[in-house]
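Okay, structure first, notes after.
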Amino acid sequence: MAKTRVQFICQNCGAVHSRWAGKCDSCGEWNTLIEEGTNSGIGSGPAAMLSKRKGRAVALTSLSGEIEDAPRIVSGISELDRVTGGGFVRGSALLIGGDPGIGKSTLLTQAAAALSNRGHRIVYVSGEEAVAQIRLRAQRLGVAASAVELAAETNVEDIIATISSDNSGSKRPDLVIIDSIQTLWTDMADSAPGTVTQVRSSAQAMIRYAKQTGAAVVLVGHVTKDGQIAGPRVVEHMVDGVLYFEGEGGHHYRILRTVKNRFGPTDEIGVFEMSDGGLREVSNPSELFLGERNEKSPGAAVFAGMEGTRPVLVEIQALVAPSSLGTPRRAVVGWDGGRLAMILAVLESHCGVRFGQHDVYLNVAGGYRISEPAADIAVAAALVSSMAGIALPPDCVYFGEISLSGAVRAVSHAVQRLKEAEKLGFRQAEVPNGSGELWKDRNFRLMETAALADLVARIAASGAGKK
C-alpha cells in the first residue's frame, strides 16, 4: 500500500523541499514553505501507472480544416474585446489578476451580463461570495435582469459536474467565470485550498474542461505584494492568456493590460473609468491623461507612446530644484529610476547640463506607468525645461530613444504616434532623425533630432527669444 510522503512546497514559486526551512532556496522568500502530503512507495510510481493504463493512438490532423463553432465570443465591450484580441476564443483559458478591490469582479460581472444579452450562456461561479452578494453587485451595476447563471462552490469536481450536466436541457456554457482560482480545491490533491498543489491541480482540471468542451474559461487570480499573480508560476504557462487589471488608489481609471495572449497581440491595454454605476469604457485614453494640463508651466512634456497597437499621449512632469543635501535626491513615479539616471548622465556628459547640486523629481501624470525607451527624449526635454525655467511649446509631442553617446535613435510606430497627436490638436513634434520621410504633405511640423544636444540648444534658444 502506498504511504504518504511529506514534502514542503514554496507558496511563492512552487519549489519542492524535502524538509522545512525558513527561507526558500529558489526564490529567497521567507516563511513560504507549507507542508503537503504526496503518495509514495510501492504502487505509486510511474511504473505502476503504466501497468494500469496503456496509451491509445490519437488521430493526427492538418492545420487546415473546418471550424465548427465561431472562433471568438464578442462581448460588445470594446475595451475588453481589444485586450482579448477581438473576443474570448472558444476553448481557451484566461487568467485575470489584480489588486484586491481594483474591480476584477465588477468587470467580469459586466462582461457576463453583456455576453448573456447577446444570447450566450454564461456561468459565474464564485468561491469568495455568496449568490446574494453577487446579486447585490449586479443590482448596483444595473445588470440584474441579465440571464447569467450563478453558483457559489469551491469543489472543482462539483463545478464541472454542474456545468456539464444537461438536466435542464440547455446548451453547454459559452463562458465560465471562476472567481477565484485560489479558493478552489480538488479531490485529486490532499493539501489545503490555496496551496500550490491545489491551485495547480484545479487550474489543470478547468483548462482540461475548456479544451474538451470548447467553452471559454476565465480564472480570477489573487496577486502578491509584488504585484505578481499568487500561486505557482506554471499556471501562467498553462493558460492561453494572462491579463492584469491595474490602477492607482487615488485615481478613478483602471487599465486592463495583456501580458500573454496566444490568440492576439500582447501589451494591449483597455482603459476603464470607475464610477458609481461600475466601469465605463474610455475610448480615447489620451484625452483622459491630458485632461488637466498647465501649458505655461516649465518641466512638462507630452510623450507620444504606444501600448500594443494603441497610441497613447501622456504628460511627463519634471521638477529640478536646488538641493541642500550632500547627495541630491532622485525620485521617480511611473518610470524606471535607472533610466532616469542614464538620461541625467548623458545630459551632463554630452550637453553640459549639470544636475549635481539639484534634486530631480519625475512624475508621469495620471498615475500612468511607462516602460518603453521611446520616452527618453520627452524626459530629457522636461528636465531641461525645468532646469532652465522655460516652458515647452504646448502643441508639441516628443518621442525617441537616447543612446549613451547622446544620439537620438528611431523608434517603431512613428506614424501611429503622429496621427494620434494630430487628432488631438498637436501641430509639431520632436522626432528622431529620419522620421520625416514617413510623414510628408501634412500641416504638421517635424523637428528631426539627431543628437540630444540639438534638442537642448533649441530649448535654450526658445527661452532666449522670449527674453
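Placement of Cβ uses the backbone N, Cα and C atoms for every residue, glycine included.
As annotated in Swiss-Prot, zinc finger covers the listed stretch 10-27 rather than the other ranges in 10-27, 100-117, 118-135, 190-207.
Record note: among 250-254, 260-264, 275-279, 260-264 is the stretch given as motif 'RadA KNRFG motif' by Swiss-Prot. The number of other CB atoms found within 10 A of the CB of Ser105 (ATP binding site), across every protein chain shown, is 21. Within 8 Å of the centroid of the Cβ atoms of Gly98, Asp99, Pro100, Gly101, Ile102, Gly103, Lys104, Ser105, where the record puts ATP, the same chain has further Cβ atoms from Thr106, Phe245. Following the DSSP three-state reduction, the secondary structure of Gly98 (ATP binding site) is strand. Fewest Cβ neighbours within 10 Å among the binding-site residues Pro100, Gly101, Gly103: this applies to Pro100.
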